[in-house]
Each structure stands twice: as C-alpha cells, then as structure tokens.
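What follows is a single structure, written as structure tokens, with notes after it.
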C-alpha cells in the first residue's frame, strides 16, 4: 500500500444515506435545520473518526477506521417516483474539510427534481375509437385534461408540465365575446386532470398571433402531483408530423349520438398529406384560387403552423369537444410519448375527412419563453 494511503468512501449505516426530496428542492440536504450535520447528529466532530459522539451514534455507529485510510461521509439525493433529477451530477454529495456538502459536477448547488413526462404506466396498445367506441380504462393518456368553459361547454387541454397546459385559443374564448380579456376568462374555467381532479386556474395566455396560431396556455395556481393518473406529455424537439405517421388523440368530446361523453376515449389517426387537406377545405393550394368549401360549414385554420390527420381505418374521427387534445406520438428510440400537435379543428366528426392540428414545434419557443417569464 502506498505511503500516502488510500481514500476510502464508507457508507453510513452500511449504505449511502438516502434523501427523498420529491419535487421540491430545499436548502437542507438531509431535511434537518442545519446542513452541518450529515446524519442528524448534533455535531459533525466525529466525521473523520474523532472521539466525540452524539446520541444518534447508538443507531448509526461511527464507521470503523482502517490503517492508512480515511472515512468520507456521503449523502445521495433521490427523487420520488415519477420524478427525476433535472440538474447535472449523480445526486451524491460529500462533506469536505470545510463542512460543506458538495457534488463533483455542480459543487454546492442543490439538485432539483422535475416531473417525468411521456412515460404512461399503461401505454396504449390497441385501437379504440372516440366516436362511439371503447374507452381508455387503463389511463394511457395521463396528460389529458377536461376543460369546462363558460356556459358549461366541454373541451380538451393537454398537460405539458406540473403547472402548465396547452389548449386552443378558440377553446378559451368559448362562451365569451371576441374582445374578452385573458384575466376575465381565467376565473370562468373549470379544469379537471387525472381521475376527475379539479385544479384551479391562475391565468391564461394567448399566443400573440392566435387568429392564425390557434393556441393558448393555461397556468395552474399550484403544481399538480405527478403519478400514474396525472403526467405531462413531452414537448418535441423535432417534427413528428410526417405523412403517414400514426398518432393517438384522446378526448371528452361528442360521441356518435352527438352527446358529450363522460368517459375518455381515443383513436389512432394517420398524418395526412397537407395539400390534399388544403384542397379538401379550400378547393386549391393556390392562394388566389382558394375559397371556403368545408363540408361542415366551418373553416379550419390552415397554414405553415398546422398539419392534418385523416380518418382511422375504422372511419372514426375526433368531434366537437376534443379540441385542445394532443396528437400523441410514440418515439420508440427513447420509449417516450410526445405532443406532435394540438387539435384545433374538431368539427370534422366523420363528415369531413381531416382534423387539423397546430404543430407543437412551431410554437415551442413561445411556449418555453412564456412559461419561463410567468
């Protein structure tokens, strides 16, 4: 053995000292009033084998010394189930000679836990239907929220983190005049996540060009606990809306009897050719030749910020009340679900051939900036 000795890391009480901080980080690595204390003792004078001890030594004895070696105290932060470390580093902190808990990667900065996204416990594995089909009994879409607007109008919203949801601007204006203000709309909304859990709305934010980009954000007053029945969907860093790509849309909209359903349903739909969709609704892709020709009498917003999805192989479709729901795609490379789009035009209801969605990558910068600024 070298004359300089070997630095040995020993585990307190036979294991790394585990700390469960959940989704909120604190200034205290182990949950006590002072961070000078690695294991809840009143003194850390015995951190490297000194003779002074405290009452806690009865349950957690001082690690034995070894010849030509040292004892190093370590703690490890863990996040609760359905949360993960957001910061760099492995969550392991050691007590240095100045009695400071430090991590090799981030120093004295404490780790933070963030909610896991796009990892449902029971991912969808079969085709069901929004119009008059089977229901999502397993909870495959934990990001799906139900919004009840002014005059009890039902629509959808999509949870994208613990405190924010995406929906359409049209949904937010339901039951209001076109000149209604965001601050007046927010108190009129009732929002439900998970298994009919009512959450309070703090504010709504419209996209600055919402007449062309049919999107709005909803901020909750409190973060929602993430778990099996409530989980955000991930925001994509790339465009998943390639023609033929399959995605799933869940919703609380009208069923085959044109009545709002009390059960969450879903459908698998393919991304459609954009030109065919434009011709279907506007007769031509040439701007000067376009004219309204929607078979349902309502024109969707079609532009560079949107994509279309066709009917399922069962000729099923979304319908009134499903707008605001995500076009959810599964990326097999990382086994994660992403929101490729947000349903804007939900009036097709098997009459028209295409639903229209706002591309999430197209609004991603605005979404991230809005959440950071608010």
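Every residue gets a Cβ built from N, Cα and C, even glycine.
Pulled from TrEMBL, these are the features on record:
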COMPBIAS  24-57  compositional bias 'Polar residues'
DISULFID  79-113  disulfide bond
DISULFID  277-308  disulfide bond
DISULFID  319-349  disulfide bond
DOMAIN    58-115  domain 'Sushi'
DOMAIN    130-372  domain 'Peptidase S1'
REGION    24-65  region 'Disordered'
SIGNAL    1-18  signal peptide
Summarise the domain 'Sushi' (58-115) by DSSP state, stating how many residues are helix, strand and coil. 1 helix, 23 strand, 34 coil
DSSP state at residue 277 (disulfide bond), helix/strand/coil: helix
Between the C-alpha atoms of residue 308 (disulfide bond) and residue 319 (disulfide bond), the distance in angstrom, to the nearest integer, is 14
Round to the nearest Å and give the CA-to-CA distance linking residue 79 (disulfide bond) with residue 319 (disulfide bond). 39
According to DSSP, which of helix, strand or coil covers residue 319 (disulfide bond)? coil
Among all the protein chains here, how many other CB atoms are within 10 A of the CB of residue 79 (disulfide bond)? 21
Densest Cβ environment (other Cβ within 10 Å) across the disulfide-bonded residues 277, 308, 319 belongs to 308
